[in-house]
Number of protein chains: 2
Amino acid sequence: MIDGVKRTVRVDLGERSYDILIGRSILSGLGEAFKTLFPSSEAVIITDSNVAGLHLDTAEASLREVGVDPYVIVMEPGEKSKSYKGLMKAADAVLDSKLERGDIVIALGGGVIGDLAGFVAGIVRRGMRFIQVPTTLLSQVDSSVGGKTGINTSHGKNLIGLFNQPHLVLADTAVLDTLTPRDFKAGYAEVAKYGLINDPDFFEWLERHWQGIFDGGPEREEAIARSCQAKADVVAADEKEADQRALLNLGHTFGHALEGMAEYDAERIVHGEGVAIGMVLAHEFSSRLGLCDAAVTDRVVAHLQAVGLPTHIRDIPGQLPKVDLLMDYIAQDKKVSRGNLNFILTRGLGQSFVEKGVEPAAVRAFLEEKLG
Amino acid sequence: MIDGVKRTVRVDLGERSYDILIGRSILSGLGEAFKTLFPSSEAVIITDSNVAGLHLDTAEASLREVGVDPYVIVMEPGEKSKSYKGLMKAADAVLDSKLERGDIVIALGGGVIGDLAGFVAGIVRRGMRFIQVPTTLLSQVDSSVGGKTGINTSHGKNLIGLFNQPHLVLADTAVLDTLTPRDFKAGYAEVAKYGLINDPDFFEWLERHWQGIFDGGPEREEAIARSCQAKADVVAADEKEADQRALLNLGHTFGHALEGMAEYDAERIVHGEGVAIGMVLAHEFSSRLGLCDAAVTDRVVAHLQAVGLPTHIRDIPGQLPKVDLLMDYIAQDKKVSRGNLNFILTRGLGQSFVEKGVEPAAVRAFLEEKLG
Ligand SMILES: NC(=O)c1ccc[n+]([C@@H]2O[C@H](COP(=O)([O-])OP(=O)(O)OC[C@H]3O[C@@H](n4cnc5c(N)ncnc54)[C@H](O)[C@@H]3O)[C@@H](O)[C@H]2O)c1
Ligand SMILES: NC(=O)c1ccc[n+]([C@@H]2O[C@H](COP(=O)([O-])OP(=O)(O)OC[C@H]3O[C@@H](n4cnc5c(N)ncnc54)[C@H](O)[C@@H]3O)[C@@H](O)[C@H]2O)c1
Ligand SMILES: [Zn+2]
Ligand SMILES: [Zn+2]
């Protein structure tokens, strides 16, 4: 549909299917793609001020070229915008724009903007259509696929939201060049996750090719496409969260608890870092339960450390968390049923599985040992 | 399924189909119905303080009988609870309840509680299932069918929300005995609406039997079932709002504008009163456009006046609205496409239709004449 698209991943969800277009510098094709899909609609862009300073001009110019003059909503950067306050601000601004129900919301930003804008699109006028233009590695390989949208509350992350599928995802791999190294690495944790879930070959490939991904070589498109495809396969098999889909949460139960105990303070920890540490914890916990060879855990730690990711709770700056606090977050995690905890454990490299009967006491003992 | 059910209306929406059970004093069967549908779930009841004082005990006792101890959230009565503030309060309370995604939200109240709780159910943990127990006539014949849920914003009514279908509607016609006469009449406006949309026989039947409906005779179940069936038919044909469904908005474009100009102050006007006046305006406007015989309008006015409903803008206490203000609300109404207004007009008794090309100037001239 537009120039420069190197890979297209189809997310197969019947009536709600959509394409993920991947390629360098394809943001300038946004207008063309928009006009093809929505020939007579107007657009509102929701973005954050960091992204606005770097990539909004390109997006706006591209839309103007096809005669669409977008209304622009600029949020503050960071997780704080994924809140009731951010929701009200964004939703009211969409209503201010005087756009109609048939018009289109464009999420231009990382996972925060994608989750917020996707939720806003789902509830303004009981549902407008939307496009994801993910601008972080994390959002390109993860939040852009699967339709989870929402905000955080004081009770925890992503507790309010919707399953809401975009109509198109446009992943420009060149916009990732402006990411801070820290944000790039954080996104890379989710890429590595796909290997660790069920694709040891991909993990091996990453061990050999990660530098090309970081440098913006063709390996970047390749890694993003493979990651999107992996998530798309799971999502297509199982749109609403159930067992298969739960595997995508590898590292996330621990990770969310770490983000929570740090009060989502990005100075201390960002999502992908929590996932990196969480994946290591999931491997260590699996080893402790006698499920997984310790050498596998070492290999995982070695690769994540090679790219510069944190791998241990002690790597988080500030006070060590209390086990009680972590356990509270773990218990409140969505992946709980009737007292028993659901965890993603592993039997080896790329051999993850869902374990539903994990006793809280076992987790507590493990964490106490780690932090003792 | 439970004793005392006189009529069951099936809302046919494929996977999302559900039953509306109608009968006197069937609230005491809530627990049994709950247990049949959701054998291993917990419940949270969202209600308002008026309804809590009158009918919560019956609902709770019925659930306890089947071993379900519901968590109860009591909102302030009135439209103000259908707001961002009410949303946050209710959603946070559901999260406080520690209920899980598989548990059930029960909306026990009028349209305000139904709209709010249905929306909350749709977004807490990305969607919990819910039951509607409508306790006003309006909510039994209207908001319980069709799955529209949501809240108001400063931009207007119902601008934030979801299409979200309940899993069951339980309409106890005896709880309507505790309604204020004013609220009962307001609900009756929506009953009369179904006659005026496309069922002149039903309108005639109402002219003869309205007293039985008000007195709680068997005509009440009959009128509620016919109204639910009428709405269910439209909704089944056309789940997401389009032309057929738009007919349900007869009287509502004007009605919403009147509610808006009165700032949703229930001392001045409630929804059903706005609809009654709005339906009269729709008939008068149709007459002015040469579409509808003036005698039809007179007959509509006569019946609405007979039951004690307001029929003219002048019947609203307080200052007469400015035409400019009404036009602003009309333009912001959801039923607008590209400048032209969508109105439901009529060619005679029970012969409503959607007119998409109404010029704002014609509406303005009509309102100026009415208010001049
Ligand atoms: N919906 C899902 O399925 C899903 C999956 C994973 C994560 N998430 C959510 O995603 C969020 C994290 O995503 P994120 O890491 O993208 O966070 P983010 O959106 O906060 O972006 C991180 C930082 O990068 C900046 N930024 C974004 N694009 C940039 C660019 N091209 N150049 C320079 N700076 C840029 C942002 O302003 C921000 O400061 C979390 O809220 C998480 O819950 C959602
Ligand atoms: N979702 C839809 O499709 C739809 C359709 C029509 C109207 N609505 C919405 O419904 C709302 C109006 O509904 P409503 O008129 O039921 O308002 P409501 O819920 O405010 O109820 C009216 C009053 O009656 C009280 N009450 C409720 N049940 C009672 C009972 N059994 N006995 C005594 N008092 C009782 C309430 O506390 C309130 O004070 C509006 O917000 C409107 O937008 C929604
Ligand atoms: Zn993640
Ligand atoms: Zn109504």
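Cβ coordinates come from backbone N, Cα and C, glycine included.
Automated prediction, rather than curation, is the source of TrEMBL annotations.
Going by what TrEMBL states, the Zn(2+) site holds B:E190, B:H252, and the candidate of B:H167, B:H271 recorded there is B:H271. Classification of B:K157 (NAD(+) binding site) by DSSP places it within a strand.
Residues within less than 8 Å, Cβ to Cβ, of B:D115 (NAD(+) binding site) and separated from it by at least 6 positions along the same chain comprise B:K82, B:S143, B:K148, B:T149, B:G150, B:I151, B:N158, B:G161. In this structure, B:T136 (NAD(+) binding site) belongs to neither helix nor strand by DSSP; it is coil. Taking B:E190, B:H252, B:H271 as the binding-site residues under consideration, the smallest Cα distance to B:G111 (NAD(+) binding site) is found for B:H271. When the Cα atoms are compared, B:H271 (Zn(2+) binding site) and B:K157 (NAD(+) binding site) turn out to be 11 Å apart. When Cβ atoms from all protein chains are considered, those within 10 Å of B:I113 (NAD(+) binding site) total 32, not counting its own.
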